[in-house]
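Asks: One structure, pasted below without further comment.
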Amino acid sequence: MANPDVENLFSLCDSESKGFLTMEDLKKVCPQLDDNDLRFIFNELDRDGSGKIEKMEFLQGFQETVQHGESRGLNGMQRRASVAFDDGGPVFRRDELVFESESDSSSRPAIRVYDEEHYHSESDTNINIDFSVPCQEEVLVLYEQLQSSGVPALLRKFERVVGSFHKELSEKKHENERLQRIYASEREMYNRRMEEMESEVDQQLELIEMKARQEERERLTKEKEEMRERMSEEMSEMRTNIERLQRMEKVLERENERLNHQKDLSDKLKVVNEENNDLRQNLAENHLELAMIKSELAQVRADFDQKQDELSARRDQASHATEESESVRKQLQLLFDANRKLHETNESLRDALDSRASVLRQFNLRTPSPGLINSNRNSVENFQTSTNMFKSVPLHAISDEEPDPETSLILDDAHSLQGMDIAEGLVGLNDANGPAERTFRIVMCGDAAVGKSSFVMRVIRRQFTNQLPSTLGVDFHVKTVNVDGRNVALQLWDTAGQERFRSLCKSYFRRADGAILVYDVCAEHSFLRVRDWIETIKESTERSIPIILVGNKVDMRLQTPGAVAKTDGASMAAAMGVLFMETSALDGSNIDNAMLALTRELMAVEDVEIRSTGVVLNPAATKKGGCFSKCRGS
């Protein structure tokens with residue numbers, strides 16, 4: 001018997017898939033075997049005496065039993081002419097096949113089974129086996145395997161089991177037939193009862209239907225009367241409604257005509273509003289142009305006045321310089337004559353001095369000569385006097401002449417001294433001392449009521465003005481200051497902070513050189529809009545302009561809870577890449593510092609632009625004629 005067949009047999013016995021068999025499993029599989037037979041089979045298969053049959057023990061024991069049977073001459077399955085009994089008598093099988101060995105089992109044909117097959121065992125002629133069971137194929141395979149195993153005792157036990165199982169099936173079949181007969185009789189009785197009930201229900205339904213029809217006729221008649229009355233009322237009401245609708249239609253026609261007229265007026269008003277907006281925008285641009293023209297005109301007027309003052313001053317300086325140059329020329333002529341005479345005297349005295357040179361040298365080494373001391377002292381005093389004289393003379397008057405080598409040192413010292421005096425004035429933000437060299441347009445921006453106008457008043461008038469009116473549109477102011485020794489004109493454009501003037505502010509940003517963005521340290525909402533303002537400035541300008549972020553009203557920080565901290569403002573300025581300063585228009589703290597920082601940034605940016613464009617400011621060409629050149633020629 002092949003191992004797969006034995007494994008299948010073990011799987012059939014091990015219904016719970018435990019991997020081993022117990023005595024209870026054998027009793028379930030073979031309930032017709034007595035305890036002695038079961039114990040004998042269990043002991044034969046349980047080789048190690050563990051009380052359970054392992055799978056390997058079952059396979060080995062069953063295989064050894066089959067081999068033992070084959071060694072006794074029972075190899076293969078011999079199918080004999082068995083007799084099958086049915087109700088009509090003995091019936092012989094039609095197909096009789098003999099298989100000599102187990103190896104031919106894979107190629108043997110299928111067994112043809114007719115209506116019912118009854119196998120008659122040689123060992124027990126008194127038992128008829130009927131294999132017409134639900135699992136007929138499995139039983140036949142198992143029966144063939146038992147026949148081929150060569151264990152007659154086990155085959156007899158299997159035949160008893162199959163016979164008892166067939167007997168139980170027959171009893172169950174008879175019981176099922178009896179129950180079917182009972183069910184058929186009950187069903188017939190139930191059908192008769194249902195027919196009687198249906199007839200009764202039909203009669204009752206007919207009565208109820210007749211009654212319902214009568215009631216429905218009465219109800220419909222009543223409803224028809226009521227509907228007729230209601231229809232008459234509705235007809236009269238509808239006539240009234242029609243008349244009212246006709247009147248309303250006339251009113252609506254008049255109203256529609258009025259609305260059409262209003263629509264035409266609204267369209268015309270919309271066109272007029274658009275034209276008004278265009279005119280307002282043009283007016284704003286004209287105001288901007290006018291303000292710029294005014295600023296330029298004021299700047300030109302200031303430059304003109306300054307030039308006139310400078311021209312008159314230079315005329316006075318020129319006349320004074322001419323007089324000074326004449327006196328200096330005369331003094332130099334006298335000096336040259338004296339120098340010539342000294343040279344002649346020096347030649348005549350050199351011979352006399354040669355004879356006494358050794359004696360005079362020894363005398364000079366021992367004691368200094370009072371004449372030399374006086375000459376040295378006089379030379380120092382003369383140098384200081386000459387230096388003061390050259391400092392008093394304007395440098396441009398002297399520089400117009402070509403100095404000779406003897407006076408070049410004095411001129412260099414004078415230039416260096418005057419340069420030192422000028423360098424000492426190159427610090428801070430001071431009032432202008434002359435015409436403006438440069439002009440910068442600076443736009444004041446920020447939310448409403450943050451102190452922009454007060455900031456401008458502090459810059460222009462050096463005072464705090466309380467209760468200033470709100471700025472409408474833009475206010476224009478000009479302040480000329482001296483920054484690091486340079487006169488600079490600052491045009492301050494004070495814009496309105498309301499949202500409705502935001503588009504007007506953008507037009508000023510396009511022409512601005514710099515911007516001062518002001519927020520109120522006591523109003524956090526104005527600080528939160530700083531980023532939007534900076535983005536608006538950057539979007540409106542064609543190039544990057546210097547911006548300073550100013551936190552105003554720091555004098556009120558201590559009295560205001562939740563004020564914006566200085567570190568927050570500095571962080572915002574660093575993140576946006578702008579300057580930062582906290583100020584107070586009330587006490588004027590850091591106002592000048594903020595303007596100084598922004599002005600220096602504007603000047604630095606303009607210097608870079610001038611260098612990048614290749615513009616070089618050369619000094620004026622020097623005059624080729626002068627008193628020194630004439631003196632040298634003479």
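Counting begins at 1 with the first residue displayed.
Here the Cβ of each residue, glycine as well, is placed from N, Cα and C on the backbone.
Pulled from Swiss-Prot, these are the listed features:
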DOMAIN    33-68  domain 'EF-hand 2'
BINDING   D46, D48, S50, K52, E57  Ca(2+) binding site
COILED    169-310  coiled coil
REGION    216-237  region 'Disordered'
REGION    308-328  region 'Disordered'
BINDING   A449, V450, G451, K452, S453, S454, N552, K553, V554, D555, A585, L586  GTP binding site
Asks: Per 10 Å Cβ neighbour count, which of the binding-site residues S453, N552 ranks highest?
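Replies: Per the Cβ count, the most surrounded site is N552.
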Asks: Which chain-mates of D46 (Ca(2+) binding site) that are at least 6 residues away have a CB under 8 A from its CB, listed by sequence?
Replies: K52, I53, E57
Asks: List the helix, strand and coil residue totals of the region 'Disordered' (308-328) as derived from DSSP.
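Replies: The counts are 21 helix, 0 strand, 0 coil.
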Asks: Write out the long-range same-chain contacts of G451 (GTP binding site), meaning residues 6 or more apart in sequence whose Cβ is under 8 Å from its Cβ.
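Replies: G451 (GTP binding site) has long-range Cβ partners V518, D520, N552, K553, A585.
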Asks: When DSSP states are folded down to helix, strand and coil, where does S453 (GTP binding site) land?
Replies: helix
Asks: Take the C-alpha atoms of S453 (GTP binding site) and S50 (Ca(2+) binding site) and report the distance between them in angstrom, rounded.
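Replies: Spelling it out, the Cα of S453 (GTP binding site) and the Cα of S50 (Ca(2+) binding site) are 109 Å apart.
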Asks: Can you give me the Cα-Cα distance between V554 (GTP binding site) and S50 (Ca(2+) binding site) in Å, rounded to a whole number?
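Replies: Just about 99 Å between their Cα atoms.
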Asks: Could you state the whole-number distance in Å separating the C-alpha atoms of A449 (GTP binding site) and S50 (Ca(2+) binding site)?
Replies: 103
Asks: Near K52 (Ca(2+) binding site), how many other Cβ atoms are within 10 Å of its Cβ?
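Replies: Result for K52 (Ca(2+) binding site): 17 other Cβ atoms within 10 Å.
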Asks: With DSSP as the reference, give the number of residues of the region 'Disordered' (216-237) in helix, strand and coil.
Replies: 22 helix, 0 strand, 0 coil
